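Enquirer: Take this structure, written in structure tokens, and hold onto it; I'll ask about it next.
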Amino acid sequence: MVRAKRKLDHIEYALSTGQSRTHGFHDIDFVHQSLPNSNYDTITCETKIGELSLSSPIFINAMTGGGGEKTLHINEQLAYVAKQHNLAMAVGSQMAALKDESEAASYKVIRKVNPNGIFFANLGSEATIEQAERAVDMIEANALQIHLNVIQELTMPEGDRDFTGVLQRIEKIVLNSKVPVIVKEVGFGMSKETMQQLANVGVTAIDIGGQGGTNFAAVENERRQRMLSYFNNWGIQTATSIIEATSTNNNLSFIASGGIQTALDVAKAIALGANTTAFAGYFLRILMQDGIEKLVDEIELLHTDLKFIMTALGAKTIEELQSVPLVVKGETYHWLMQRGIDTAHYSRR
């Protein structure tokens, strides 16, 4: 019951605290193309995460599950939306269902709604090989997300305090998993050093989960008697984290998430090097406040606007969008220079 109550608290406080929008994309400007030589009607948006082919560079990221009927209904609606637009979708952490079988229905519902969809299972980094296998089987997942949430756990009144052995557990899961493993942050971003460590143990896909979206430190602080306010602005902004990711020069696939709300955010994230983008809090807010059909319509508009932007840039495919020229400026530029990451190549390609 404690875990289920926490799941419901997370939804309530995530909606009430909102998204910070400090993702850093305001520091990214496209170089205008007066002769784009493009046609809106021939723009395609297919992409890949590792070996997984996706029809869209937008997917529904991990949000909830394990909180009884309310979270079952949310996942049911999100699965319907995913089916309408042929989007991939991740569920929230399934540890609740591994601890309490009665909560499994709140996750399994997605396969009932969308039998042929692409779904990602989800567990924390404390998971064992056996738990990872059970989570994948529970929803017949196409991939497994392992989330890293140190700051959330430290801020959570009942959270973990021991983070030793995490990389070793991830390596074991990667070696034994029958589906691709995606390691994700939850709103605090990832450094290039962290991503290189993950690549070294066989991880092939990372969701950078940057600062700028739902702030789980703020969410957990709402549940505390004594706030740890110093964690409320902790993390690496989304745009910065994407560039840190691409600077590692390995074969990782990257998912950009963290405050992404518009087609321009999507386009900038992909142009910086992401393979796809993920929406969570923004979609949840629309669903809860405006209803399921409004969310279906919003995603349609996102795709339309993304194709407009790609047309303006002369990018006929997602792969071409990844190589359009842009300029990195402001706080993002200064952070990256201090980190020894040169951004000039973005403006000269």
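Glycine is no exception: its Cβ is also placed from the backbone N, Cα and C atoms.
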Enquirer: Please state which member of Ser93, Ser323, Ser347 Swiss-Prot lists alongside Ala62, Met63, Thr64, Asn122, Lys184, Thr214, Gly258, Gly259, Ala280, Gly281 for binding FMN.
Expert: Ser93
Enquirer: Could you find out if DSSP has Thr214 (FMN binding site) as helix, strand or coil?
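Expert: DSSP call for Thr214 (FMN binding site): strand.
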Enquirer: Which of Gly259, Gly281 has the fewest nearby Cβ atoms, counting only those within 10 Å, among these binding-site residues?
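Expert: It is Gly281 that, of the binding-site residues Gly259, Gly281, has the fewest other Cβ atoms within 10 Å.
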Enquirer: Would you mind reading off the Cα separation of Asn122 (FMN binding site) from Glu153 (Mg(2+) binding site), to the nearest angstrom?
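Expert: Given the Cα positions, Asn122 (FMN binding site) is 16 Å from Glu153 (Mg(2+) binding site).
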Enquirer: Rounded to a whole number, how many Å is the Cα of Thr214 (FMN binding site) away from the Cα of Glu153 (Mg(2+) binding site)?
Expert: 15
Enquirer: On a simple 10 Å Cβ count over all chains shown, which one of the binding-site residues Ala62, Asn122, Gln152 is most densely packed?
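Expert: Compared across Ala62, Asn122, Gln152, the most Cβ atoms within 10 Å surround Asn122.
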